[in-house]
Amino acid sequence: MSQAAITIIVLVIFLAILLLISNFASKENAATPSDFFLANRGLGTIVMTMTTGASYFSTWTLLGAIGSHYRDGVWFAAFAAWAVVHALFIWLFGSRIWYLGRKHNFITPGDMMEKYFKSPGLRLLFAIVGIVGLVPYMLIQITGGAFALNSLTDNEIPYWVGVMIMGAFVGIIVTLSGGRGAAWSDTFMGFFFGTVLVLITVIFVSRSGGFEAFNSLQATAPDILVNKGNFWGIAETALGLGFGFWIMPHMWQKFYSAKSPMILAKTSIITPFWNSWLMALSALFIGMLAHTPGLVPGLTTETSDRIIPLFFSSYAPLFGSVVVAAVIAAGISTVNSALLSSASLLVNDLVVRFMKKDVSLAKTTFIAKATVLFMTLLIIVISFIPAAQGFLVPVAALGYGIVLQLVPAALGPLYWQRGTKMGAIASIIVGEATLTLIYLFGSPLPLGPATSGLFLGLLTFVIVSLATQDQDDTVKSEFHDDLKKVYFPESIEEDYSIEKKGVGPVGNETTI
């Protein structure tokens, strides 16, 4: 039996399992946007932990990050620094997003921005930037899975067939089961590709001669053991990943989906082990040990994003088919959430908000499903553009960088009450303009495009906010008063007891 036939059989079994999970999940669906997009805000600890990890890690973990370690060595290993802080971000930002989302029934990030700043324009900006940023992120899942299939089968399964398989199947399961199906299938796929990644790492270390093989790298590939010294280059990736864990639309909506803030607290404790130890170290070991002479036949810098399928196509074709299924699992588990999120931005923030305000919940859900199919078709078409088929990590970094420019504006409702509508709008415009100009023309500064945009956007947000004033701060005060009551109840009680004694807040005297 040919490698292509074996791979197809394994894929059919794997995809059939996913379809069964999605079909089972769909039986609990209700025809409402909250249920379709957010699984009715009812995700528990295990599902929440697995879906956040599986949705964030993708084909670039099993392909792109490994290839980057092969090309850049220990320098790229610093990207894992983001995992140190992302768990903290789940609590610092995610819990506040959850509380405000539950209280005000928000579906998208734009819902929160419009209500807080009283600005439909900000909702529109968040929606457009979110969709544009998610496109590269979804794209690498489709192209990565297609390239893996193509490499493992020695071109017997063409790239275009892989694209069609990935795209069509994702479109079907998301349309069928929505957010609940995405979360449940993410849980299965997360366990699956996590287990396979551990096995791959053990096999790689064993075939290369054990951990002693790292010593031989001094002779075979000394360049990868040298830090390039480009701090801001790696900071660009680390910052994008760290802040992206809560500002990317599909991750923001994961926080809305949690059953309670305690679920997020538990998730923040568990995810560092899942994200840093498993994902980062496995990619490091495999990518660097791939320099062992003769270990990966046909490996070049240009094919370094396909180390795993190239390796298994020679040594263990049957297990290689399982590995490709794991790569596709990683891709599907990310693109399903991103696809669902991009559809929610289009439907909730554009169609329903500006075009069909009186549409019913059932009709909104129907439009959402149609939008999922439209976005799937769009990603499939873009996948055939040569420029979209580059190295996975740079393409993913572009998506992170685009959405990263929303961070300053998002700090307004979450932390900084003094931030104004004009400050938020200006920060996004300045951030995206800076990102675009530096991508196109470069910069004399050491900062990368995304980092430069973020810093300038943050500075713009502060300066413009201090120079302007919103006409009505009622909603803003309500947001921050509610957050203060939830996070600092003791200080509220203390202020109240002082007022009862005839002294106003912060010690100001009053007459009663």
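Cβ atoms here come from the backbone N, Cα and C positions, even for glycine.
Listed features, source TrEMBL:
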- 6-25: transmembrane segment (TRANSMEM)
- 46-67: transmembrane segment (TRANSMEM)
- 73-93: transmembrane segment (TRANSMEM)
- 157-176: transmembrane segment (TRANSMEM)
- 188-209: transmembrane segment (TRANSMEM)
- 229-248: transmembrane segment (TRANSMEM)
- 269-290: transmembrane segment (TRANSMEM)
- 318-346: transmembrane segment (TRANSMEM)
- 366-385: transmembrane segment (TRANSMEM)
- 391-411: transmembrane segment (TRANSMEM)
- 423-441: transmembrane segment (TRANSMEM)
- 447-467: transmembrane segment (TRANSMEM)
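By the Cβ criterion (under 8 Å, sequence separation of 6 or more), the transmembrane segment (6-25) is not in contact with the transmembrane segment (229-248), since fewer than 3 such pairs are found. With pairs at least 6 apart in sequence, the transmembrane segment (229-248) and the transmembrane segment (447-467) have 3 or more Cβ pairs within the 8 Å limit; the two touch. Most Cβ pairs within less than 8 Å of the transmembrane segment (391-411), among stretches 157-176, 229-248, 269-290, 318-346, 366-385, belong to 229-248. Scored by C-beta pairs under 8 angstroms, the transmembrane segment (366-385) has its highest count with 157-176, from the stretches 157-176, 229-248, 318-346. Sequence-distant contacts of the transmembrane segment (318-346) (same chain, at least 6 residues past either end, Cβ-Cβ under 8 Å): 3, 6-7, 9-11, 14, 18, 33, 37, 51, 54-59, 61-63, 107-108, 110, 126-127, 130-131, 134-135, 137-138, 141-142, 144-145, 148-149, 152, 166, 169-171, 173-174, 178-179, 181-182, 185-186, 189-190, 192-193, 196-197, 200, 249-250, 253-254, 308-309, 311-312, 368, 371-372, 375-376, 379.
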